[in-house]
Every structure is written in C-alpha cells, then in structure tokens.
Amino acid sequence: APPPVGDQAGGRKVDCFKYNTKGSAFACTRHERPVCGTDHRTYSNECMFCMLTQNKGFGVRILQDNECDIECTQYSDMCTMEYLPLCGSDGKNYSNKCLFCNAVMGSRGALFLAKHGQCQSP
C-alpha cells in the first residue's frame, strides 16, 4: 500500500511534544499499540518510540503502525552466508537479514525494507 499523503517514503514523523508533558520526562502508558521505526525496531507504542529515540541524534521515523516485518534489535556484526534476499529502499539487494540490519544501523535509520526478495533489476 502506498504511504498516506503527507508521509515521506522514509516513514512518518511523530510529534513527540504531546508525550513530553513534564519538561524532559515522558509520561508513557503501558498501552500496547506497536509501531515500527525506520531503525527496524518495534516499539510498544508511539510514546515509547518518542522516549527511546529522542537521544539517537538522527531522524528515526515511524515506518508502519504495527510490529516490524524485519526486526533489527538482535543482529550481529558477523553475518552468516545464508541467502534470503531483501531489497533495501536504496535499491540494493542484501543477501540476508543480518547484512540488511547492519546496513540499516549504518544508515542511521534512513534505510528501510522495500520488499522481501530481490530488487527488480533494471
């Protein structure tokens, strides 16, 4: 599905000020409404997303309302050679999730999953 109007392909920006009611502290509820950040990490709700990404120093956005298709919370610098290709938003093919997640972390949240499988060749 195409992204909603007003959203960029790289996810939607969140107005985190609405959760930051106590100056520098966030007042988040335990309400489960998962969102997926462009860093490919699932956050339990939008407020937790704001709280946990505020100090990352780069513009992590919400990629989708729901859990991430590809979760990059647990990944290794050393990747196996398994071949389960993923197509990145940069048009490059990544041989597996580990290599894709390393590229996501290297891009500081700018890279996201375009689709499972290989990118279309020109």
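Cβ from N, Cα, C; glycine included.
The domain 'Kazal-like 1' annotation in Swiss-Prot covers 10-70 and is backed by sequence analysis. Feature annotation from Swiss-Prot assigns disulfide bond to CYS16-CYS50, CYS28-CYS47, CYS36-CYS68, CYS72-CYS101, CYS79-CYS98, CYS87-CYS119; the stated evidence is sequence analysis. Annotation comment: Swiss-Prot describes 71-121 as domain 'Kazal-like 2', evidence class sequence analysis.
Positions of Swiss-Prot features highlighted on the structure.
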{"residue": "CYS16", "record": "disulfide bond", "contacts (Cβ under 8 Å, 6+ apart)": "CYS50, GLN54"}
{"residue": "CYS28", "record": "disulfide bond", "contacts (Cβ under 8 Å, 6+ apart)": "TYR19, ASN45, CYS47, MET48, MET51"}
{"residue": "CYS68", "record": "disulfide bond", "contacts (Cβ under 8 Å, 6+ apart)": "CYS36, GLY37, HIS40, ARG41, THR42"}
{"residue": "CYS72", "record": "disulfide bond", "contacts (Cβ under 8 Å, 6+ apart)": "ASP39, HIS40, ARG41, LYS97, PHE100, CYS101, VAL104, MET105"}
{"residue": "CYS79", "record": "disulfide bond", "contacts (Cβ under 8 Å, 6+ apart)": "ASN96, CYS98, LEU99, ASN102"}
{"residue": "CYS87", "record": "disulfide bond", "contacts (Cβ under 8 Å, 6+ apart)": "ASN93, TYR94, LEU113, ALA114, LYS115, HIS116, GLY117, GLN118, CYS119"}
Q) If you run the three-state DSSP split on CYS98 (disulfide bond), which class comes out? A) helix
Q. Where does CYS47 (disulfide bond) sit by DSSP, helix, strand or coil?
A. helix
(Q) Just to be sure I understand the packing, how many Cβ atoms besides its own are within 10 Å of the Cβ of CYS119 (disulfide bond)? (A) 17
Q: Would you count the other CB atoms within 10 A of the CB of CYS98 (disulfide bond), including those on all shown protein chains?
A: 20
Q. Among all the protein chains here, how many other CB atoms are within 10 A of the CB of CYS101 (disulfide bond)?
A. 24
Q) Which whole number is the mean pLDDT over the domain 'Kazal-like 2' (71-121)? A) 90
Q: Tally every other Cβ atom lying within 10 Å of the Cβ atom of CYS47 (disulfide bond).
A: 21
Q. Of the residues in the domain 'Kazal-like 1' (10-70), how many are helix, strand and coil by DSSP?
A. 11 helix, 12 strand, 38 coil
